[in-house]
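What follows is one structure encoded as C-alpha cells, with my remarks underneath.
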Amino acid sequence: MGSGAVRARYLVYFQYLGTDFNGVAAVRGAQRAVGVQNYLEEAAAKLKSVVPVKFVISSRTDAGVHALSNAAHLDVQRHSGQPPFPPEVLTEALNSHLRHPDIRVLQAFRVPSDFHARYSATSRTYLYRLATGCTRPDQLSVFERDRCWALRADRLEVAAMQEAAQHLLGTHDFSAFQSAGSPSTSSVRTLRRASVSSAAAGPWVLPQECRRLRFWSLEFESQSFLYRQVRRMTAILVAVGLGALTPTQVKMILESRDPLGRHQTRVAPAHGLFLKSVLYGGLGDFEPPTPT
C-alpha cells in the first residue's frame with residue numbers, strides 16, 4: 001500500500017438477469033463467454049484504485065440463473081490524500097460505469113477489513129418460479145420467458161409438494177441433491193425453510209391468460225447450499241406435484257445419499273431460479289421484495 005493510501009472494504013449488493021451470462025463468476029482469458037463479475041470489475045476499474053479492484057462473490061450462480069440480490073466484497077484503495085468513497089457515491093459510480101443493462105448495483109456498505117462476503121453470510125434464500133397450464137411455449141408471455149419454468153400440466157398437487165418439502169427440512173447429508181463438480185468438502189447442510197405457495201400473475205399476463213395460467217413459488221433458505229442443490233430439490237418436488245413421486249419417496253431419496261439414483265438426476269432449468277437474498281446477521285442486510 002502506498003504511503004498515506006487508505007484501503008476501504010465494502011459490501012456491495014447487486015442484481016442481474018442471468019440470461020446473457022455464463023454465470024455470475026468472471027470468465028478469464030479469451031473465451032467469448034462472460035460472467036456478471038467481468039462487467040462489475042470493468043466498472044470498478046474506472047474508480048482508479050491504486051490496486052485493481054476484485055469482487056469476491058458471496059454466492060456463485062450458474063448460467064441463466066438470476067439474482068434479485070447477490071453480494072460481494074471489494075477493496076478500493078484511493079491515492080494518498082483522497083478519502084474513501086462514501087458508500088452511496090460508490091454505488092452511483094459503479095452503476096454509471098456498468099456497460100450491461102441487465103446488471104444493477106443496489107447498495108453498498110463500509111465493512112471491517114476482515115469481512116468476507118462468502119464466509120460471513122448467515123443466510124441465503126433462493127426462489128424458484130413455476131407456471132402451470134402452458135401447453136405450448138407461445139402461450140407464455142414474452143415477459144415471463146427465461147424467468148420461470150413453464151409446465152404443460154394444468155395443475156400441481158401442492159399439498160403433496162408441501163408434505164415432501166417437510167422431509168427436506170433440518171440438518172441432513174444432501175449428497176442425493178448434489179451435482180458433480182461441487183467444491184464442498186462436506187455435503188451436510190441445514191435447510192431452514194422450504195415452502196411451496198401460489199404466486200400472483202404479473203401485470204404483463206393478460207386477463208384472459210390468467211384463467212389458464214397459474215404461477216407458483218418455491219423458496220429455500222440455508223446458510224449455504226451444495227452445487228445445484230436447489231434446482232435438484234425443485235425438480236424432485238415438481239415430480240411430486242405431477243404425481244410421478246410420493247412424499248415418502250422424497251424422504252427415501254434424501255436418505256439414499258445417492259446423486260445418481262433413478263429420480264434424483266433430474267435438474268430444474270436454470271432460468272426459473274433466482275437468488276433472492278444474502279444476509280449477514282444484521283450487518284448491512286438488504287432484502288429486495290419478492291417478484292409477483
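Glycine is no exception: its Cβ is also placed from the backbone N, Cα and C atoms.
Going by TrEMBL, these are the annotated features:
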| type | residues | note |
| --- | --- | --- |
| ACT_SITE | ASP62 | active site, nucleophile |
| BINDING | TYR126 | substrate binding site |
| DOMAIN | 15-120 | domain 'Pseudouridine synthase I TruA alpha/beta' |
| DOMAIN | 164-280 | domain 'Pseudouridine synthase I TruA alpha/beta' |
Greatest C-beta neighbour count within 10 angstroms, which of the recorded positions ASP62, TYR126: TYR126
Residues in the domain 'Pseudouridine synthase I TruA alpha/beta' (15-120) grouped by DSSP into helix, strand and remaining coil: 26 helix, 25 strand, 55 coil
Counts of helix, strand and coil residues, the domain 'Pseudouridine synthase I TruA alpha/beta' (164-280), according to DSSP: 38 helix, 32 strand, 47 coil
PLDDT averaged over every residue in the domain 'Pseudouridine synthase I TruA alpha/beta' (15-120): 95
Rounded distance in angstrom between the Cα atoms of TYR126 (substrate binding site) and the residue listed as 'active site, nucleophile': 13
